[in-house]
Every structure is written in structure tokens, then in C-alpha cells.
Amino acid sequence: MLLSSKLFQKEASFLAQMTILMALLSCDLSHVVEQLPTITAQTSGSLIALQYDENILFKCEAKGNPRPTYRWTKDGKDFDLHKDSQLIIEESSGSFLIPNTKDKAKYQGKYRCYASNKLGTAMSEESEFIVPMVPKFPKKKIEPAVVTEGDSVVLECNPPQGIPPWQLYWMTNGNLQHIEQNERVSMGLNGNLYFSNTLLSDSHDDYCCFASFSRIRTIVQKPRMVLRVNPIQKRKPSILVPSSHYTTYLKKGEELELECIAEGLPTPSVEFIKMWENLPNRTQIKKFGKLLTIPNVTDQDEGKYMCKAKNDLGVAEHYFQVVVEEPPSWQEEPVRSRLAEIGSDIHIKCPVRGKPQPTITWKRNGQPLDGVLNPLLSHPYHAHLTEFVGSKPLPNVQLLALRTVCCSFPCFLIIYTLRREDPEGSLDGERYSLLKNGSLLIHKVEMEDMGQYKCLANNSEGTMSLTTELFIKGQPPSLIKQGSMAELECQVECDPTLRRELETLWMKDGMNILTNVSEGWVTYDGILQIVNVSHSDEGNYTCVVRTSLDQDTASAYITVLDVPDPPVQLTLSELKDRSVKLHWVAASDHNSPITEFIIQYEENHWEPEIWKELLRVAGSQFSAPLTLYGHINYQFRVIAVNAIGRSHPSIPSKRYKTPPCAPDRNPENIKIESQLPHQMDISWEPLLPVEHNGPGLEYKLSYRLMGVEDSWKEQMMKRHSFVVRDTQTFVPYEVKIQAFNSHGWAPEPRVVTSYSGEDLPLVAPEDISVEVLNSTLLRVSWSPVPQTALRGDLGGYTVHWWQTKSLMTSKRIPLERQSLTIPGNRSHTMVPGLKPFSEYSLTVNIFNQRGNGPSSSPISFTTPQGVPEQPPILRATNFQKDSITLVWAPPHETNGFLTGYLLQYQTVNDTLDELKSVNINAPGTTQWVLRDLQDDNWYKFYLSACTQVGCGSAISEEGGTVSEACKCLSEALNTSKGFHLIEGLSPGTVYTVRLQASHRVDVPSIFEEVFKTRKGEKLENLSFCGCISTRGKKKKKWFVAVMCGVALLTLLVLIGCFVIKNKSGKYTVKEKEETLADPEAQAMGEESPCEYSDNDEKLLKSSQQLFTDIKADDSSEDDGCEFDEDGSFIGEYSGYKRRVNF
């Protein structure tokens, strides 16, 4: 036992030593092993700062090896704790405290902590710091809720927003008792208090809604609400059914049912009444007096019915309009057949009735007449188709005539046709008229009108039809206007052997017509001519043709048309203060129905003996009621009108003077204009004199400031204009004008609204800003001017701008303003047309109808560089075998700093070859030699100037290389002559001739030609000189040209020179020739690769126009020259070339 005890002690001692050793090893390892950061303590969720809290802690603790470092973010951005001295930072961790101070709201936001070491970063949860605002109910007066006992009502809470959770409840403010909720009273989830029905005990003056916010420990109260429950009261009757007035339509024989249901307290009684009549005996009252029925209704049951509901408090009424409809039926026994003579008017009746009024349509032989019917009585005699009918057939005689006559007064078209047979013809639409009663009227019936006519009557209740057979007999009349000339022609065909004995006779009403011009009759070649047709010429005319074997006749009746005679027997009846009825009797219509009557009046006070139209009525009326003005002494007359024209006026009626009365209307077309700022000019259209209705007419003008003044300022006056002075500037006024005479006032006038006078605007637009879009375009914007400063109707804005200097030269430019007007209420615009690379100033002003307001302060801006303009001149010169010299002038406007030129060229022999380019980087260069060209080729050149922005548009020129070396000669011209002779040319050689005012190659040529001499010939008397080069390119076509105007042109040039000399005092031409040659030209000649003869060279006046035009035409070979292409001399800067063969 002792041994075992010792062994146990040794083992325990060893274990203790091993434990201590392991602890020491683990402690050392903790300083050696590296660990990622781990968040051990953090703040999560929301922290709400309450007034009684001391500090708010944001905790962040982490472990890791190496020891983590801490940083914070606020609302996603780095938040340095050490930069805010108010924060309390715990150095042993990343935690910090926000003190509960007055400005703690600035720390409100979302925070996150980051713990980092070299192995990584640990991130805490996001926590939010909230500084709550105390929620409040809006302070406003709440109107009492007034209901009747038993009605439902809702009291609204509408709680303010706050930090949840919140609790809502209702109490009475007086005794702070909770509102008991049950099946009748309950609070909704939205906080509203709902009463399904109300009791008298629900009336309180202190209903309050409370909102409790537990997190911020706050309770807020809504202002008290008043609920008043009134006891149930008796009600006057009102009609429930029907809800609106309407018309009941029934078919004759149906049953009428009228229902009337009313409400009220106490219950009202219902009674049915038929207005102005008793209820029919068949009437039955059902459903406790609420339903009226009448079986088998007739026309007598139609009318207005009333339902009356009444109780102790009042009466309610409702009206029913009952209409009994009837299908179409005949008013009288219809006529089934009619007989009419040709030329007469036939009236086919359709005596139908029904309700509603039936619609009438007509058919003839099954075809509708809709397309040819006139809805009213038409004017049937604009043109007339008449016919002669032969009395009997003859085998050897056929009568046929067609003649057109234009009458003398007025011009009137008449067509006469003599024919033996009546073929079918189309209906003349102007002969058919549908009268208002549905009957059909056919004017001047013809044979084609014969047939069956069917009248169809239709309404909503049914349809009926009537067929009438129309038979035609007799012969048609010819219609002639009085005063015109008529011709009747008989064309006869007979056996040629009997032609000489054929005789034509004319008869009127059976009496032979003797050819007597004094009686107005002339006959010749089978024609009867009636001159100046009168009413006595009306009658039956017969044409008789006869031979020794037989005879034939044809007849026609002539009816003479004329304007109506004036109406007669004018009488007045129904004389009233403001109306009268005029009656008259129509006189003869002279065979053309009267279509209307014109009633005119005359009064002897304001405009005596001047007749004015009062009314027009249809030709079927013979009386008319007339509405009259007061205090006027009237007389009337009537004029009848038919298709031919107007009758003379009738004899005037007796005078009738109306008594005076108040005016019927007020002035119209009121205009309010403002010429000056503090006044208002009012004018109006006065009443006509006949509208005065009595003596002492005046106008009452009333005006007041709109919305400011309640009372009207009034002025009485006789004139029709007035000026209101000392008004405010551009304020609205209400204006009305009422007419008045000694018998009273006109009706209440309408009110017109307008503004007083305008004045100039007070202020200029502000916030002017410009945006340069490119080198020539600008966008400008501004803030609108307030209406109070406008002082008038807005007219628009005006933008002014001017260039102050060019950035190329920095020199000031003379002031030249430009402007752009923008109408209406706009706040921006585009300004175009600016010059590139320049400095500008800009202002904006507003304007109204009065004028312009002040301008805004000038704002300066600059435009960027642009592309240059096109070079003005490009010339191809010195044509060599493999080179061409190009000379040009720089552009007038570079629009920036010139960087150089872009030269492009291509051959243009038969096709366009590839375009080649040369960049010329020296901006001062104006001449370039193109080398390594192919000989005997034609080129086209394009040159454009360039800036840093780019290159502008290109100018083009053409020229060609030669097959041999160029020999250039120069000769001076004698300016006193109109031509120059070039000698020593080689036959069969191509030359270029250029006329210049100087040796300098950059001087534009006045004239340039390419020509080819012919073998054995030379060119004489040509007015041109210059560089001559041989060229191998040949043309196959030859044209002959004549220099035919040289002498005349020379004379004109000399006269021009003489005039210029006398005006300007220059030296004579001779003196000019003796001057030395231009030194610059001599120097240029020395530098030229060609050889020039300078001894004889003279200066040309560049401003003198040597040639205006030379016409080329074909001529004989004696002229000594031919041109390849037709052309003429052209003016300065043209650079035009052509080839000419000599």
C-alpha cells in the first residue's frame, strides 16, 4: 500500500508538471500564430436618441492576430472619428459614444464598423442612428359633423408619421373616457372612428384621437372634433319614380301606364291629373294610387298628365307628356288617274296623314324621283325644250328643226325642236317639285311624263302607298320672254323634183300671217322671226308646207314670259305696339310662277324716302306678320319675284306709327383700348336710329376694378366713347354699357373684361447664359420677367448682339448691332449668322405693346475658329510637258489662323481618274508647281484653304500638260486700239492666249483662249495677248467663228475711254502708252521659267472693260478662222478656256 501510494504521488506530480508545460507552450504559440479579424461585439439595429439619454454607444470589438485596427463608415462614406472632438472614443476597441447634445441631429445616419489587419477585414452589421422629430397633428379647424339620427358617420384620425410602433385610441377630452366600441361603433386599422348608425347620445363636442409612440415615449392629440346628431324630422314629399321627365310614345289602340312613387315623412298620398281636362272614363288607378292605366288609347288621350304627391309639409309634382302615334292613312279618297295637257302644270295629290308626320317618296314607273325632285317650288324656266308636232305623216316630207337664239334683253337661251316622233328623254329635275304636304307638282308636262306615279308614305308606325296613272294629251307650248326675239324654223325634205314648187306658209290662231315688219313678223327661207316679243304674240302658230301633190303642217303654242305685275290691295291688320300683319293680293305672274315676295319698309324720320328690305316670304303666302321697332312711322310695299325677275314695287300701304318704348338691346362690339399708361379708352357700336325705340337715347357706362371694387362707377352720355383717366397700370376692369331712353332701360347688359393702359416694362431679363454651339451658332437663355414688372401683355423678347473685335487682328470693329425678336413667353432661342473667331457682346430685353423694357447687362462671348472661305482665284499657268504652275489668292475671310492649303487633282481625259492630294503647310504660299505629271493630259485641280478646324470649300480649275517644251512670249498692248495682232505663229500648233492687266501671275486674267492654227494660215485682227504654248492634244470637230463685231466694239471702247478721261482728269491714252513698264511685271518676267519680251510691254488698266461680247457664227473660209467650240469672251475672274482652230 505504501508503494502504491508513492507511485500515485509521482504520477500526479508528473501530470502537474506536464500541464504547466503545456500552458506555457500554448501561451507562447498565441503570440506566434496569425489570425483573421473576427467581430466579437457590435451594435446592431437602430439607435434612437431620446432627450433624456446621456450618450449613445456604437460598440465595435474584434479579435485577431495581428491586433485589428478599426475604421467606421457613415452612409457608405468613410467617417473619421478623430476629426470630431465631441465624440468619445474607446482606444482599446473601435467603439465610440455620441454625446446627447442639441446638435446631435448631425450624426443621424447609417454606421458600419470595419476591423482590419494584414490578413483581412471583418465588417459589422449596419446600425442606424435616428434623431426623431416629435410627431404632431396639424393644427386646423375641424368643421362639426352634423347628421340625422340613424345616419352613419366617420370621424377621421389621420395620425402623423412617426417611429413605429404606435397605438391609436379615441377619447372624449372632457372626462378622458375611452370611446366604447361595439357592433355599432368601431375604430378601423387606419384610426378612423366609424358609427354604423348614430344615436342622440353620440352627440359630443370633444371627440379626440390620440397617437402614442412608445419608442420615443410620446403621445400626441388631434384637435377635438364635434359630432352633432339631430333627431329625425319630417320630410316634404319627393318623387322617386320616375327620376326624370320624359315623353311616352304609344301607338293608337295600345294601353297607357304611368307610374308615380313618392317618398316623405309622413307617407305622402299620390293623385293623377290630366292638365286642362278630366281623366278619361276608362282610367284605372292601381297599386295604392301609384299606377294609372288607360286601355285602348286614342287621339283624345294624348296630352300632359301630372302626378301630385302631398303630405302635411308640402307637395311634389311630376309631369308626363303622352304622345299617341298613328300609322299613315288617307285623309280623303285618293284619285287613281289624272289627265293633263302638254304644257300645263299637273298636281298629283298624296292626301296622307299620320303621327309622326309620314315621309313621302315618289316613284315613276318604278324608278325613284329623288334625284329630280325639288324640295320647294322651283324656278322651272331657266331653259326650255319645246316641240312642234306634225299634223299627219307625209312620205316625202319630214319636219326637223333645231335653232338657238340669243335674245337681246336680257340674253336668254331658247331651243326649238320640231319633230315627228317623241323619243324617250331624261327628266328635267327643275320641272318636278315636292310640296310641303307631300304632293307632287309637275311643271309644263311633256309626253315623257306619262306613266304610273307611286306615292310612298312611311313613319315609325307603318307604311302606305298610292298609285296614280297620268295620261298626257295635246301639244306643248313654247315659252318666250317678253322683249326677246324668237325664231320658228321649218326644215322640209321632199322630192327634189318638187323642190321649186314647195311653198311655206305661217298661221297664228288660224289666221294667215302677213309678212309685215311693222307688226314684228318676218319670214324668210322657212323661218318665222318674231321681233321684240310682247304679250300679244302669245298664241298657236302653224307651219304649212305644200306642193302640187300634197301638204303637211306642224303647230306649236307660244307662251310669253314676263316679270310679275306688282301686288295690289295692301292692307294692315292686327295692329299692335310692336307688330302688324300685312296683307296683299298677287297680280298676274305672266306665265312664270311667283317664287317669293319681298316686303320693304320706309320711315319718314331718320331716313325718309329710303326703302329697306324687312322680310321675304314664299310665293304661296299673301300675308305676313311684321316685327317693328318703337317710335317709328312706317309704311310698307311688296315686290313679287319669279324666274324672270322682280316686279315693280307695289303702291305703298297706309302709314302706321308705333308707340315709343324702352330699347330692346344694348350696344355691342365693346372695344377697350389703351393709348396711355394711366387711362382706358372705351368705345362701342351705337344703336341704329330705328333701334332707339323712343326719344332721349343715352348710354350708361359702368366700370370697376375686377375683384377689388364691389360698387360700379357710372357715367351717362350720348356719345359712344369714353376715356377713363387716372387708372392703375395694366389692371383688369369690368365694363358694361346699358341703353336708356325716356321710356326706360334696355335689358341688363353683359359684362366685358379688359385691362387698362400698358407701360414700359420695369426690369430686364436676368440669368442670361450663352452656349456657343459652333463657330456661327449660339444658344442663349434667360429667366422670364415677373408679370408684375411686365406692366402689359407680353409681346416677347428681343436679343441684341454685336461684334466687338476679331480674334485674328484684335482690332476693334465699328459697332453694328443685330437683333432677333422672339414672340411669346419663351426663355431661349438660337442666334445664327455669327462670324467665326470673333468676340461678341449680347443683351436681352422684354417688350409689350407699349414698347421695350431695359436691356440686360451685356454678356461677352467668343466664337471658335471655323473653316476658311473659298479662295477667290485659282489659275493654272505655265503648261509644261510634265508640270503645271498653279497660282491663287488667299481667302478673304480665313475664319481662324490659316494653317495651309489642300490641293487635289485628277485627270479628266475621257474618264475621271483617281483623286490625288497635296498638303501645302505654308499658309503664306500662293503658288505651287505640280511636277511629275504625264505629258499631253488634261487635269482638273481643286484647292481649299485650311485652319485647325478643317478645310473649307474648294475652288476648281482645269489645265493640261503639253507634248513638247513650252515657249512663252509676252507682248504689251496698245490700249488705244481694240485689237492686237500676234505674228510669227507656227501652222498646225496649239496655243494658249491669256489677256492680263499685269505680268504678275496671281493677277486674274481678263480673257483666256486655247486655239490651234491651221497649216498655211495665220490669225489676224484678234484682240488678245499672253502666254502662248504649243500643245499636242487635238480635236476632231471644227467650228467656224467670225469676229464680226470688232470694229463696233473698238468704237464703244474708245467712246468709253473718252468719257472716263473727261470725268476723272486722267492722262490721255497716248501718254499712258509712253509710261514705263510695271517694275513688278519686269521682275516677275525675270523669275518666270518662260522668256518674256519686256521691251514692248505696256500696262493695262485693270478696271477698263475691253470686251463685252463676241458672237461666233458659221461663215465662209474667207473669214480666215474657225473655232473648235462655240463661246464668247467672258469677264474678269472667269478663267474660262476653249480651243480655237485657225
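Sequential numbering from 1, following the chain as shown.
Using the three backbone atoms N, Cα and C, a Cβ is placed for every residue, glycine included.
TrEMBL labels come from automatic prediction, so no person has curated them.
Residue counts for the domain 'Ig-like' (37-131) under DSSP, split into helix (H, G, I), strand (E, B) and coil, are 7 helix, 52 strand, 36 coil. The domain 'Ig-like' annotation in TrEMBL covers 37-131 (among others).
Among the features that TrEMBL reports, domain 'Ig-like' is placed at 132-220 (among others).
Here the domain 'Ig-like' (237-323) returns a mean pLDDT of 89 for the predicted model. Taken from TrEMBL, the feature domain 'Ig-like' applies to 237-323 (among others).
Taken from TrEMBL, the feature domain 'Ig-like' applies to 328-467 (among others).
Annotation source TrEMBL lists domain 'Ig-like' at 468-559 (among others).
Per TrEMBL, the feature domain 'Fibronectin type-III' maps to 566-661 (among others).
As annotated by TrEMBL, domain 'Fibronectin type-III' applies to 666-759 (among others).
In the domain 'Fibronectin type-III' (764-866), helix, strand and coil residues by DSSP number 4 helix, 53 strand, 46 coil. Per TrEMBL, the feature domain 'Fibronectin type-III' maps to 764-866 (among others).
Per TrEMBL, the feature domain 'Fibronectin type-III' maps to 868-965 (among others).
Annotated transmembrane segment per TrEMBL: 1038-1060, in sequence order.
Look at the domain 'Fibronectin type-III' (868-965): DSSP puts its residues at 0 helix, 44 strand, 54 coil. Here the domain 'Fibronectin type-III' (566-661) has, by DSSP, the following mix of helix, strand and coil residues: 0 helix, 48 strand, 48 coil. In terms of DSSP secondary structure, the domain 'Ig-like' (237-323) contains 3 helix, 51 strand, 33 coil.
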